[in-house]
Amino acid sequence: MHDTPPPATSPRPGGIAARARAAAGPAYLQGLNPEQSRAIETLGGPVLVLAGAGTGKTRVLTTRIAHILTQGLARPGQILAVTFTNKAAREMKERIGKLIGESVEGMPWLGTFHSICVKILRSHAEAVDLKRDFTILDTDDQIRLLKQVIQAADLDEKRWPARQLAASIDRWKNRALTPDKVPSGDAYAFAGMGDELYKAYQARLKTLNAVDFGDLLLEVIRLFRENPDILTSYQDRFRYMLVDEYQDTNVAQYLWLRLLAQKDEPNLCCVGDDDQSIYGWRGAEVDNILRFEKDFPGAVVIRLEQNYRSTSNILEAASHLIAHNEGRLGKTLHTKGDAGDKVTVTCAWDSEEEARLIGDEIERLQRDGESLDDMAILVRASFQMREFEDRFITLGLPYRVIGGPRFYERAEIRDAVAYLRATMQPADDLAFERIVNTPRRGIGDATVRTIHDVARARGIPMMQAALELTESEELKAKARNSLRSLMESFARWRGQLDALPQAELAAIILEESGYTEMWQRERSADAPGRLENLKELLRSMEEFESMLGFLEHISLVMDTESGDDGEKVSLMTLHAAKGLEFGTVFLPGWEEGLFPHQRSLDESGRAGLEEERRLAYVGITRAKRRAALFFATNRRIHGLWQSTAASRFLDELPEKNVEVVDTGSLRTSGGGYGGGYGNSRFDEREPFASTYSTPGWQRAQKNRERTANSNPWKEPPMLEGEVLARSTGTDSGYSVGERVFHQKFGYGRITAVDGNKLTVKFDHSGPKRVLDSFVEKH
DNA sequence: TATGAGTCTATTTTT
DNA sequence: TAGACTCATA
């Protein structure tokens, strides 16, 4: 987005300013700050650009490319520019086009890691035992294939779910581990067969002439390693290499880059921000960026610290927060903008009130003339969205959810695509299996198994096996006839491939196969929407040159541009918000356990906490003018009401940039829960201060200090003391059978004690799990 | 093959 | 609590 100020005013010919500008260099270099200029003009050898939030990262990247091109240092085909998402690639193309004032269709090597790998693999497929028309499997295909592998190994699918194996394999591939390299500890995890199953899966992929996403990288690495001549040809070709979001690269991507950059003075420019690394759980290695100078000796490190996005209050709050992280390269962001409003922290009674407060504030801002498009609510976990959606619907406030299920991931789209794949590529067993009995045509599990067995035994594709089975007596008459008719249809469709435009043929296929009819008959509420999606699919096909081109596109690009209609508030997860910016940002749910998320702390200890903190940093730095943080003191988690404590991150914000909001509604918000006690601990004038002076909070503080002062290099368990909302194993001072009083639920009797968590059977509201610090002995 | 009862499990998600 | 999913049963 526009993370930099607009370029200087258009040149007036002949003026002093114009002459001065001409002396200063080409127009695209105008209006840059010194660091940005350096990042663009430092061209010999490796460069690492540490670009803080809102410092003009994309501008540097695109201008650098424009600069290389206009200086005649390389032709478009000699520049490799890698991004993570298609969206980022698209954006870069557009912006370069604007900069050099012509089409950049000539930048064939600007794309995602994956799309560039596909391109390389297609031209050298044979070298890695693939055919040129190999299929790319997505997660869904992958899981179905793994199910078969698990079955073949005679393992209980329940105990060893395919999903989990898929996740493991994914992790291994992220770390560039082939089956023989899987560490024994990891392999042991899957009934001691992890590596074997992985190997079997890879073998199946090869026979299917297919690769999964991870393979795209790994196969190219293998290609380069086993064929030095091919590697050299690419090293020579890519005179300049640029990588966006370097902090998000995983081991495989790193190795891939390293191979290409294996020459003297590689012109490699990596742009990233270690403070915005939030994808560690997906295999990203912050370490890659932290280690850059060691990996690429002689590297020039340039820091972009001038922020063009946020007010200084927002910037200082975010900077102070992120300074609590240890493993970082360190940057000091500054802005020339004004102080602006302070970052607000508001305490709500529960998530419902939180949504109400935010909804009210949005309406107020709207009345003051702010655009809904310029406001966003960023949540830690998607379940939080529901409360806001409910609230916005009752208010009639238009909103859009960003993220969520993608167009091409919907069942009806995947079915339709499977029909097309099976038509185009008769050897695509997975596609065939998916639709052979959809709509139901009497080809049940037993028949499919027979086809499968024949195919496996003879080493032929299922489609061919099916064809042969229609001519034998092996299948029951009914199944055989049904199968024959389906095979005839496929033959017919294939015959029309060259005669008809792809969208038209696709329409015929969906019609004749009975697929459309299946949804027309279905009378469930979402059937019309699905039919609409199918139409949308056909429409989008028209833009492609051929059916094959279309299929290639959707296997890599899983999103579609959805038309935007009217002003809307945006609702999304913090992860989805990276790279975006809004005038006003609402950040609800800043509570221990939710943010930082308990699971992150449990699974990754200190590293997990630091990643959560970076997430918080990303959240705050999305805001241009206003950042409003919220936390609720009560939240329903898995159906149980839990008292929650304010996030430690709130405590890590600098007081001078933060304003605590007293909503006034706090004092009366206790109503409705057994009534009569309205004694909220936010009764005092300042809810923020009072939160921070409750016994629970203070004890948490003490625990934190104590553990922080003890040997910090101790094993992760040291975190336990820091973490409030989990069992600490310490004696809570309560025992089963005791009577207690809880501010929200009233009187009750303890039925179980688990560390600092108590299960209390409340007289009026039944059994609940609560933290010991929120009840009193009675 | 359609349905209901019972069970399980609840971050973040791109390619 | 709620949703997804499995499994048995008609």
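Note that Cβ sites are derived from N, Cα and C of the backbone, with glycine treated the same way.
DSSP gives A:G52 (ATP binding site) a coil state; it is part of no helix or strand. What TrEMBL lists as ATP binding site is A:A51, A:G52, A:A53, A:G54, A:T55, A:G56, A:K57, A:T58.
Look at TrEMBL and you will find A:30-311 tagged as domain 'UvrD-like helicase ATP-binding'.
Positions annotated as domain 'UvrD-like helicase C-terminal' by TrEMBL: A:312-579. Regional average pLDDT for the domain 'UvrD-like helicase C-terminal' (A:312-579) in the model is 90.
Per TrEMBL, the feature region 'Disordered' maps to A:691-717.
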Packing count at A:T58 (ATP binding site) (other Cβ atoms within 10 Å of its Cβ): 20
Structural state of A:T58 (ATP binding site), classified by DSSP into three states: helix
Neighbourhood of A:A53 (ATP binding site), C-beta criterion under 8 angstroms, separation at least six: A:D273, A:D275, A:Q276, A:N307, A:R309, A:S310, A:A318, A:L333, A:Y617, A:V618, A:T621
Neighbour count (Cβ, 10 Å) for A:T55 (ATP binding site): 27
